[in-house]
Amino acid sequence: MPSSSDELIFFVNGKKVIEKNPVPEMNLLFYVRKVLHLTGTKYSCGGGGCGACTVMISRYNPESKKIYHYPATACLVPVCSLHGAAVTTVEGVGSIKRRIHPVQERLAKCHGTQCGFCSPGMVMSIYTLLRNHPEPTPDQITEALGGNLCRCTGYRPIVESGKTFSPESSVCQMKGSGKCCMDLDEGCSESTKERMCTKLYNEDEFQPLDPSQEPIFPPELIRMAEDPHKRRLTFQGERTIWIMPVTLNGLLELKASYPEAPLVMGNTAVGPGMKFNNEFHPVFISPLGLPELNLVDTANSGGVTIGARHSLAQMKDILHSLTLEQPKEKTKTHQALLKHLRTLAGPQIRNMATLGGHVVSRPDFSDLNPILAAGNATINVISKEGQRQIPLNGPFLERLPEASLKPEEVALSVFIPYSGQWQYVSGLRLAQRQENAFAIVNAGMSVEFEEGTNTIKDLQMLFGSVAPTVVSASQTCKQLIGRQWDDQMLSDACQLVLEEIRIPPDAEGGMVEYRRTLIISLLFKFYLKVRRWLSEMDPQKFPDIPEKFVSALDDLPIETPQGIQMFQCVDPNQPEQDPVGHPIMHQSGIKHATGEAKFVDDMPRINQELCLTVVTSTRAHAKITSIDVSEALAYPGVVDVITAEDVPGDNNHSGEIFYAQNEVICVGQIICTVAADTYIHAKEAAKRVKITYDDIEPAIITIEQALEHNSFLSSEKKIEQGNVDYAFKHVDHIIEGEIHVEGQEHFYMETQTILAIPQTEDKEMVLHVGTQFPTHVQEYVSAALKVPRNRIACQMKRTGGAFGGKVTKPALLGAVCAVAAHKTGRPIRFILDRSNDMLITAGRHPLLGKYKIGFMNNGKIKAADVEYYTNGGCTPDESEMVIEFIVLKSENAYHIPNFRCRGRACKTNLPSNTAFRGFGFPQATVVVEAYIAAVASKCNLLPEEIREINMYKQISKTAYKQTFNPEPLRRCWKECLQKSSFFARKQAAEEFNKNNYWKKKGLAVVPMKFSVAVPMAFYNQAAALVHIFLDGSVLLTHGGCELGQGLHTKMIQVASRELNIPKSYVHLVETSTVTVPNAVFTAGSMGADINGKAVQNACQTLLDRLQPIIKKNPKGKWEEWVKKAFEESISLSATGYFKGYQTNMDWEKEEGDPYPYYVYGAACSEVEVDCLTGAHKLLRTDIFMDAAFSINPALDIGQVEGAFIQGMGFYTIEELKYSPKGVLYSRGPDDYKIPTVTEIPEEFYVTMVRSRNPIAIYSSKGLGEAGMFLGSSVLFAIYDAVTTARKERGLSDIFPLNSPATPEVIRMACKDQFTDMIPRDDPSTFTPWSIHVS
């Protein structure tokens, strides 16, 4: 092996980079962040699944003389692969210092950024699209964003910012109506009498896009690419070598010398294997520049040959061109491939992954290989021994040795034949979400008929994601040859394929019965498609399928979302410089979009800084018998291993354990940490820590197991009104049931991050941390280090999303990090990778709800007895408070005169669940709405009618005896029903359902009464500190944390109004325990409420001090008044304080005033469900939210939309999977699916309804959490659709539709002849792969 390296040459943002010692194992993300210090490109998942690290890569093709720009996830791009390429990061697009690019400006001004962590990736995806298509269509914009995740905004404003570049995007966004969206047909409601606005930004402010001003591709790289004397390059690393051949013969010689070396082109298979499966390769071969791998040959009349180096995106373009050039009958395989190429992964991965790599790696989940095999494709391979063709068929995909490439062989190209006149080819798939998700089951099928007949001449069926490899139903196909394509053939085919493809009951991936059902459901779809095609070929000979079956043919479409946001216009008499009530851009919006907003891990490396990684328990409940750290300590770069023995103070604080000692109580509990000079060294050393255990019984994983063992974290909480037992004796009907609601992962884009810096004096320590509760971090670090809190400073500028997940968890992790910093005496950077973040920090509490409801024939509920149990995990965390909130909020919007509610948090051997947006309300109210739906079914009424009958209608007392006025609730409910055209659309859906057997539409409207703040008054207080400087500028600090919700922006608006100065005068640096001590958490939707009051108080104090000077010089300027005040020795600094809402709750008396006010709302959602697959599409959502007076409508609407989409994900596609032994499987974006841009409503309308709330700052309301529950309107719309399907099939319309309503849950509820056909296994004979923990 060569001992020296060649120089790696590439460009980054127009600047030449010459790397003399390139490291083959280093990726581009690490390189730009840690070597080039370009921190705008973010680390979020590390596996190419989230898009936060998106960059643009540009390459020159010397054959075509063209420059190709494409998006790529930097975390998967080996830096050595970039020789001769140009990389553009977000810093290269534009900056505040240089020039803001129109993409960055519009993303910020359209309010497409909240926490800002995903924003650079969004910018790069749109920017790359514009470099290739300066005037994109709306569909291209949606497609370009398909690989980017955002947890804050709900995507709508991001898409809207992109659509401003599209000439097809009109001002009015109502589609197909032929009239303006503001022409409301259904009467005038109270809100329409108010002056309502619909524009959150001014398009006239946007600078135009000028493609001619974009940076040119470096001419030097063109010369390099065209150099006829190129030579082989070798990059030598510490453990590995990277070789780039420049000729085909050179490649074949290398493959002969290193037959096991992987060919790295896109790195989308090799890279994840190294990161997640600990695969190691001493040699990499990268044949990126070989023209033989880049060919496209359409000269062969039998088909097309596509070079193995072509990316999947290039393949898509090639196939699309062919479908335009060739007759439709010849391109059926191409069309099937194109359908899957639209949804396979995201655009970044499609532009990186290559055809050759995808085919040869043969993933079991491949969406393309089954179609290629069904279309009789072949692979052209070559070695030093010569060329040959390998059929891309079942034996190849099943990895049979005789059908596979030899180790020394290289795939040159793939030949895709044209389809025959009497051949039909189709690809089918179903995934947890429409795009960027591995298929749960996919298939490639083709059939060829004897000419002019429906007699099967040849048949191929291949299925993915049902076995360790793609499998071919070859025996089934053989038996069906010669048969007629009719219903009997279908019935036999289903039986045969189920016998041939057996999914074991304990198969990896679970969902066994569902996957069995999908196999034959997809086969049925194929059968219908072929029937329809035959009918088109000869309508006289081949009858068409029944009209009611036609909708089963097509997948649910991907549409570009659009909508309207309505809010109250600002009073025209309000002073121009007063920003309150205006839709002002997030104060860091531009910095988010340029990547200049700094997060913790963006901070420069400190001298002697160490990186920290964790070693966690692999057992749910066990005694630790030994910990051997010797091998880890000996690893290069390791400074120390930290254990419980190193904690100088409390290792168990308030029930939270920092380092496990003697015993572990969950999988994922931190046992020790490794501190090393680099993250790579720390991570590798952590793998070498050896821990032995003795299991302890029982290991309690589920709620039911906890109930069986009487294992609880808290005492029972209860409220009761009326006489429940008596009422049950005097009702017409009683129903009982239970609902399981699974948990939810926060999936904030920035994982938990801490930088702990020990000081040289007085045992002081400074922590930079992403948190919602700096005081809590300070408390835990103080306890762990055994020093007073005044020695611990916690500083927090911003964090990349939180949603409750950064209330308590940063305190525990901060203590862990601080102990390491204390022991080593060096700064410690502690950044959890996504896998460990999901494993350690847990999320929303799973819940089991049991109900008994008594009601009258007319639907009036007279009595309810409800029990709630949550899975709290292994330590207290916030579980007791969550169960209190669940019990208090459990009535939602309904007055039930005899009501009993009890709740208890279960103790299990799972990582401790914690705060999450809505804090128990989203789980509890699903149970409420479920029993409302059950009552409706029993009474043969619409659920909306039952909701109306039982809703609070006048000033009333809650079950805990707090008085409130439901008028805003009634208003939101009525406007939602009216303006969503619910009853007309419901009727239209019923008509659709009559005419379509396999697809059903459903609608639901849910009301909401959501309480704000905390029942303990001391948690509602706040403080602020305001300084006025002599130039008139104002520095503002307060105790709240900027999480993306725009809290700092609102505080600047408050200060601007109170001091009567332009908002540009006010600056806000960070939140710190030094400037504002003892601050409470930023949660409970009360950040702006309480901190706004504190800022207001401080500003009013300052203005009062200035009043004598202002009176003497009323026409003077602000700066003059400030200067005069200083000269008169008037203090220009003031603290502000808000005592807090005086809330209380007496649990012994079961009464109190626990909440200062309520937020009301209603949402109507319409879905379409595919009963054959379980897929659903959200067609439209209308939200009416009681906003009172919005301080900033843009921010508040952003919170409502973002919460709704997060809630929709919680109730539909987000699914945490655990093994029976308590191991979390869902540890990254590949395994846990949050909504993408394709999941949001096709039509999305949000109206902010005006009301009064004099108790709060400017009569506003906290809207951060309320929208979460409204996402359940999607769940109950699905329930409505499934109920219709079940009724049509003669099944009961009362059934448990648990949450989340995943495709599996939906499909298995839509029972039919196919679900009846699948074999069932005896549960006592196997251990399932995964279990539910609710």
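Keep in mind that glycine also has a Cβ here, set from the backbone N, Cα and C atoms.
According to Swiss-Prot, the residue from Leu76, Leu839, Leu847, Leu1043 that belongs to the Mo-molybdopterin site alongside Gln114, Cys152, Ala802, Phe803, Gly1084, Ser1085, Met1086, Gly1087, Gln1199, Leu1263 is Leu1043. The candidate list Ala299, Ala345, Ala377 contains one residue that Swiss-Prot assigns to the FAD site with Leu263, Val264, Met265, Gly266, Asn267, Thr268, Ala269, Val270, Thr354, His358, Asp367, Ala411, namely Ala345. Using a 10 Å Cα-Cα cut-off from Cys45 ([2Fe-2S] cluster 1 binding site), none of the binding-site residues among His358, Ser1085, Gly1087 qualify. Comparing the Cα of Leu263 (FAD binding site) with the Cα of every entry in Cys53, Cys150, Cys152, Leu1043, these being the binding-site residues, the smallest distance points to Cys53. Listed in sequence order, the binding-site residues near Cys118 ([2Fe-2S] cluster 2 binding site) (C-alpha within 10 Å of its C-alpha) are Cys50, Cys53, out of Cys50, Cys53, Cys75, Met265, Ser1085. Leu1263 (Mo-molybdopterin binding site) counts 27 other C-beta atoms within 10 Å of its own C-beta, drawing on all protein chains shown. For Ala411 (FAD binding site), the spatially nearest entry among the binding-site residues Cys50, Cys75, Cys152, Leu1043, Gly1087 is Cys75, judged by CA separation.
The shortest Cα-Cα distance between Glu1265 (active site, proton acceptor) and any of the binding-site residues Gln114, Cys150, Met265, Ala269 is the one to Gln114. When the binding-site residues Cys118, Ala269 are compared by the number of other C-beta atoms lying within 10 angstroms of their own C-beta, Ala269 comes out lowest. Close to Cys50 ([2Fe-2S] cluster 1 binding site), meaning Cα to Cα within 10 A, are the following binding-site residues out of Cys150, Met265, Asn267, Ala269, Leu1043, Leu1263: Cys150. Here Asn267 (FAD binding site) is compared against the binding-site residues Cys75, Gln114, Ala802, Gly1087, Leu1263, and the shortest C-alpha distance is to Cys75. Comparing Ala802 (Mo-molybdopterin binding site) with Ala269 (FAD binding site), their Cα atoms are 31 Å apart once rounded.
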